[in-house]
Amino acid sequence: MENIMTLPKIKQVRAWFTGGATAEKGAGGGDYHDQGANHWIDDHIATPMSKYRDYEQSRQSFGINVLGTLVVEVEAENGQTGFAVSTAGEMGCFIVEKHLNRFIEGKCVSDIKLIHDQMLSATLYYSGSGGLVMNTISCVDLALWDLFGKVVGLPVYKLLGGAVRDEIQFYATGARPDLAKEMGFIGGKMPTHWGPHDGDAGIRKDAAMVADMREKCGEDFWLMLDCWMSQDVNYATKLAHACAPYNLKWIEECLPPQQYEGYRELKRNAPVGMMVTSGEHHGTLQSFRTLSETGIDIMQPDVGWCGGLTTLVEIAAIAKSRGQLVVPHGSSVYSHHAVITFTNTPFSEFLMTSPDCSTMRPQFDPILLNEPVPVNGRIHKSVLDKPGFGVELNRDCNLKRPYSH
């Protein structure tokens with residue numbers, strides 16, 4: 001008989017945070033909303049809070065950046081480590097160190113699905129439909145995949161079965177699709193700036209923005225709108241039709257996550273050929289099944305928020321069974337290793353984190369070292385050919401470990 005590789009057990013899990021309300025502001029990293037002043041990501045973007053004038057101008061004014069970055073590191077008995085980052089900050093550290101640790105330590109590094117199910121089952125009574133708890137579980141799951149890849153010496157995408165294409169092509173999310181086109185991206189997705197409280201004037205302003213970018217970018221470059229849960233069905237439907245003359249490719253996350261009937265109605269009434277998309281703030285596999293049943297065109301889970309890579313693979317299968325695309329909310333290497341193995345992900349998202357969208361800054365900068373960025377709008381699979389997720393933790397980021405066990 002051939003010898004089978006003996007895998008080590010997990011010795012310890014540790015959790016740090018940086019940024020957020022209890023640390024330095026503008027830290028970036030896993031909480032990419034935690035940016036400094038004069039950044040497009042915080043400039044009068046429509047949100048569910050925009051109807052309150054005190055919180056209309058800035059998303060940071062209502063606390064979008066209070067959580068900060070969570071870093072989870074798992075160490076095997078042989079000394080090898082894996083890690084991941086997400087948005088959960090100091091509270092995520094508590095959950096990892098005081099609750100989830102019992103399901104991780106002592107397990108084999110390959111026991112990812114067992115650990116995942118135990119974490120989900122043990123937090124049902126306080127996790128609700130996602131949010132902070134699911135962000136934390138996602139971060140642990142990603143760290144486990146990173147460790148497993150490093151122990152066996154393979155990139156995560158090969159652990160998932162290998163690439164189905166040679167490269168990933170990207171669209172860019174940011175305020176300047178015209179600059180994204182110059183950088184080689186296939187499309188540009190802009191945030192909306194107005195909402196139902198602004199009435200028809202808001203629709204005219206956002207439609208004018210799309211018209212202006214269509215003129216700058218030409219006929220064939222993709223243009224999309226990200227509405228960040230800020231609308232109702234009637235407003236979203238009117239906005240979609242107002243943008244139809246400018247060949248808007250899709251309208252994204254118009255409604256809050258649980259308004260499934262609203263998404264069904266929006267898809268039914270949207271202009272022919274315009275796609276309806278959503279999913280980044282859905283936090284359970286069950287919610288994605290229900291979202292899929294509404295008939296939307298693209299589901300957009302965030303691998304750092306939906307339950308991790310283990311859940312993302314399951315979501316992709318649900319979408320594939322219905323002929324839907326799954327295009328994850330931008331998550332850098334954590335998405336790259338997944339989508340290059342999905343047959344129903346023909347393109348992916350790159351989130352522009354440079355303040356004016358004029359330069360290529362890694363999404364989770366500065367917390368990850370060696371984080372790849374698209375070149376001419378693409379990343380070749382060979383760039384991902386490093387053990388685990390292929391990135392290292394920047395330990396100069398003033399990481400704090402508030403709890404231990």
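Yeah, the Cβs are placed from backbone N, Cα and C, and that goes for glycine too.
Same-site candidate for substrate binding, as annotated by Swiss-Prot with His33, Glu349, chosen from Arg14, Arg53, Arg59: Arg59.
Among the candidates Glu215, Glu265, Glu280, Glu293, the residue that Swiss-Prot names alongside Asp226, Glu252 for the Mg(2+) site is Glu280. When the recorded positions Arg59, His329, Glu349 are ranked by how far their Cα is from the Cα of Glu280 (Mg(2+) binding site), His329 comes first.
Glu252 (Mg(2+) binding site) carries a strand DSSP state (E or B). A separation of roughly 14 Å, to the nearest angstrom, links the Cα atoms of His329 (active site, proton acceptor) and His33 (substrate binding site). Neighbouring residues of the recorded Mg(2+) site, listed in sequence order and excluding Asp226, Glu252, Glu280, comprise Thr173, Lys189, Cys227, Trp228, Glu253, Thr277, Ser278, Gln300, His329 (Cβ within 8 Å of the Cβ centroid). Close to Glu349 (substrate binding site), meaning Cα to Cα within 10 A, are none of the recorded positions out of Asp226, Glu252, Asp302.
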